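As recorded in TrEMBL, the features of this protein are as follows:
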- Arg37, Arg65, Asp81, Asp107: S-adenosyl-L-methionine binding site (BINDING)
- Cys236, Cys238, Cys251, Cys254: Zn(2+) binding site (BINDING)
Amino acid sequence: MELCEFTEGRAKIEVPKFEKVTAKTPVFYNPKMEFSRDISVSVMKTLKIKDQGKVLDGLSGSGIRGIRYMLESGTEVFFNDHNPVAVSLIEKNLKLNSLEATVTKSDFNHIYGKFEVVDIDPFGSPVRFLDGAFRLLKNNSYLFLTATDTSALTGAHKDSCRRKYDAIPLKSSFTHELAVRILIGKVVRNAAKYNFALRPILSYTKEHFIRAYFEIKYGKEKTNNALNNIGFALNCKCGYRRLTNEFNPDCPFCRQKVSFSHPLWISKIKDREFVSSCVKEYEALDFLGKKPLELLKTVENEIDAPLFYDIHELTHIYKTKIPKTEEMIKRLKEIGFNASATHFSSVSVKTDAEINDVLRCLDG
Ligand SMILES: C[S@@+](CC[C@H](N)C(=O)[O-])C[C@H]1O[C@@H](n2cnc3c(N)ncnc32)[C@H](O)[C@@H]1O
Ligand SMILES: [Zn+2]
């Protein structure tokens, strides 16, 4: 097997030579996901999981993610992959970086032990690893996960979303936020049967993937409270939208029937203070990429208002000129609302204003 070397962050790794990134290579490595790994390093640094903490890189591939956690945030990492070729490559890559760690060749769902952090970075959907992950987690631990099946979560493949996430997706201008919320909703509901209350501390979407980070607490009461944050997203042709746990099919503004997505997470999708700490940790690591930091800062400054308004969509419906995103944010603030940009879409605003007040800010 011919190998080639990559440098990413502080790590050097060898992977099988490839022409294009595909799940069919003997051991998977996608250089583009450096973006997600850079952010994960800042998350790990923020959580201060040090020597005492055990981190599981449960679907390691080449080992790049775990190796970077070890080198860049000083955590103890356990590696696992069911592919024997990956396992020998992880061992080789650990040596290449002068590191020592436990590497197992197991099906993820058969790993045993308890961990402070479990990271699931699969091909496609993480759902088939959730039960396995909750066996490995405990009170005050963290779950990190990636989903690359955005076609299911965004409703392009509706049946696939129903099968994997037990949810009805909805195509809309805010589809990508709904995708994140459907994913979070599924993880929270799955955790509930183990009396685990999950809270997303950071989540974002970028091109073909979603990444979400959860804090885990054990307890029936806390879990019941977490489940209260599962509900509906409503969307009307007039621009009205809402996250709610009370379904009402009639739009309060124009009385048309709304379309909906359900069940999904209707509460905050990040903890602002936590994201601010990630930004600080990120800035201190000057070898990390600039683009992920930009995204992290946009997420940090996103107000926690549910969903967002796509300015192009509204100007299309109401046949007005298109104001700039910054101009819309300024106008909304001038009339007393909170507003911000959103990483989900550069032509959209997040605001606590309802559609009637948003329309007041469009060009006449
Ligand atoms: C997307 S790759 C991981 C990429 C890696 N985390 C990175 O950052 O480059 C998914 C990995 O999961 C492994 N895998 C798939 N199903 C598995 C299972 N049931 N148990 C253990 N490993 C599995 C595959 O062999 C593959 O290496
Ligand atoms: Zn309406």
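For all residues, glycine too, the Cβ spot is worked out from N, Cα and C.
TrEMBL: automatically predicted annotations, no manual curation.
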Taking Cys251, Cys254 as the binding-site residues to compare, which has the smallest set of other Cβ atoms within 10 Å?
Cys254
Including all protein chains shown, what's the count of other C-beta atoms within 10 A of the C-beta of Cys238 (Zn(2+) binding site)?
18
Given the binding-site residues Cys236, Cys238, Cys251, Cys254, state which is nearest to Asp81 (S-adenosyl-L-methionine binding site) when distance is taken between Cα atoms.
Cys236
Can you give me the same-chain residues 6 or more apart in sequence from Arg65 (S-adenosyl-L-methionine binding site) with a CB-CB distance under 8 Å?
Arg37, Ser40, Asp57, Asp119, Asp121
Surrounding CB atoms that lie within 10 Å of the CB of Cys236 (Zn(2+) binding site), all protein chains:
19
For the Zn(2+) site (Cys236, Cys238, Cys251, Cys254), what does the 8 A shell look like? I mean other same-chain residues with CB within 8 A of the CB centroid.
Lys237, Gly239, Tyr240, Pro252, Phe253, Arg255, Gln256, Val258, Ile355
List the residues of the same chain that sit at least 6 positions away from Asp107 (S-adenosyl-L-methionine binding site) in sequence and have their Cβ under 8 Å from its Cβ, in sequence order, or write 'none'.
His82
Where the record names Arg37, Arg65, Asp81, Asp107 as binding S-adenosyl-L-methionine, the maximum Cα to Cα distance in Å:
23
Starting from the Cβ of Arg37 (S-adenosyl-L-methionine binding site), draw a 10 Å sphere and report how many other Cβ atoms land inside it.
23
Cβ neighbour count within 10 Å of Asp81 (S-adenosyl-L-methionine binding site):
25
Cβ under 6 Å from ligand 2: qualifying binding-site residues of Asp81, Asp107, Cys236:
Cys236
Just to be sure I understand the contacts, which binding-site residues have a Cβ under 6 angstroms from any atom of ligand 1? Candidates are Arg65, Asp81, Asp107, Cys236, Cys251, Cys254.
Arg65, Asp81, Asp107
